Amino acid sequence: MGCFFSNRRKERPKQYSWDHVDPKDYMFSGLKDETVGRLPGQVAGQQFLIQDCENCNIYIFDHSATITIDDCTNCVIFLGPVKGSVFFRNCRDCKCTLACQQFRVRDCRKLEVFLCCATQPIIESSTNIKFGCFQWYYPELAFQFKDAGLSIFNNTWSNVHDFTPVSGELNWSLLPEDAVVQDHVPLPTTEELKAVRVATEANRSIVPVSRGQRPKSSDESCLVVLFAGDYTIANARKLIDEMVGKGFFLVQTKEVSMKAEDAQRVFGEKAPDFLPLLNKGPVIALEFNGDGAVEGCQLIVNEIFNGTKMFVSESKETASGDVDSFYNFADIQMGI
């Protein structure tokens with residue numbers, strides 16, 4: 001007598017997307033004296049691992065989920081936008097450019113990092129770690145930031161927290177403001193990777209190049225808030241170019257959602273003018289520094305952006321309060 005189930009069609013085992021992933025495609029391991037990389041579209045949001053590499057140039061021209069770099073020595077590394085964390089462990093004498101949500105370093109020494117990080121960078125049990133602002137461009141990079149869920153305006157690259165400080169010593173510092181990115185992280189030389197059209201000039205960088213925690217050159221700062229619209233990002237970039245071109249410094253930027261109570265605290269008596277605009281999406285805030293920054297910014301806004309709704313500090317006496325009020329609120333919102 002046949003089995004009761006013998007006529008039933010055998011069920012196929014379920015298949016998942018990760019069944020077709022070869023881990024070797026998302027890993028560089030045990031390499032020495034090589035230039036390697038991944039082109040746009042070749043990582044597509046997967047996790048990536050770099051380990052046990054020496055004297056290598058490594059370029060990941062795509063967005064990824066998380067990246068771990070272990071036991072690497074004397075390597076040059078570029079990482080496209082990372083949705084989660086980048087974690088360096090037991091590395092030394094490496095130079096990097098990268099963008100991520102979270103950045104961590106543990107048991108490392110002598111790293112140079114041009115960084116875009118949405119949250120406070122963390123170092124632990126590490127020495128001689130130097131930071132600069134992310135400065136990089138290629139045509140696919142803006143879309144990769146979007147795919148990774150990162151804003152080009154949320155960059156706390158210089159607000160570093162050291163979990164293991166040593167009394168009387170500084171385990172980290174900032175790279176010179178005039179440091180040339182390409183001198184530290186050179187462009188790739190292989191024919192395959194050269195096909196990615198990279199530029200490293202500050203005025204072409206996807207991420208606005210900011211001074212961060214460096215000492216301000218003037219007691220006068222200006223806060224500008226741009227409200228969500230069709231051309232908000234383009235307007236922010238144009239304003240930065242105009243202000244920097246006139247000799248002012250971009251200190252920091254933020255993109256964050258605001259509620260009515262937030263607007264009251266930041267904009268004061270002008271809040272009612274801006275409340276209807278807050279429902280359209282996050283605002284972008286820019287802080288500029290330099291003697292005459294407030295007047296200079298107001299002139300540019302009136303000449304170039306006439307008719308575009310923006311909040312601009314009214315005077316240098318109130319500007320510092322506007323700046324502190326907004327960025328304290330923004331840092332709380334972002335959990336920094």
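Note that Cβ sites are derived from N, Cα and C of the backbone, with glycine treated the same way.
Taken verbatim from TrEMBL:
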type    : residues                                     : note
BINDING : Gly84, Ser85, Gln101, Gln102, Phe103, Arg104 : GTP binding site
DOMAIN  : 13-165                                       : domain 'C-CAP/cofactor C-like'
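Neighbouring residues of the recorded GTP site, listed in sequence order and excluding Gly84, Ser85, Gln101, Gln102, Phe103, Arg104, comprise Thr66, Val82, Val86, Phe87, Cys100, Cys117, Thr119 (Cβ within 8 Å of the Cβ centroid). When each of the binding-site residues Ser85, Phe103 is scored by how many other Cβ atoms sit within 10 Å of its Cβ, Ser85 comes out lowest. If you average pLDDT over the domain 'C-CAP/cofactor C-like' (13-165) in this model, you get 94. Long-range Cβ contacts of Gln101 (GTP binding site) within its own chain (separation 6+, distance under 8 Å): Val82, Lys83, Gly84, Ser85, Cys117, Ala118, Thr119, Ala148, Gly149, Leu150. Arg104 (GTP binding site) counts 19 other C-beta atoms within 10 Å of its own C-beta, drawing on all protein chains shown.
There are 17 other CB atoms within 10 A of the CB of Gln102 (GTP binding site), with all protein chains counted.
The record assigns Gly84, Ser85, Gln101, Gln102, Phe103, Arg104 to the GTP binding site, and the maximum Cα to Cα distance across that set is 11 Å.
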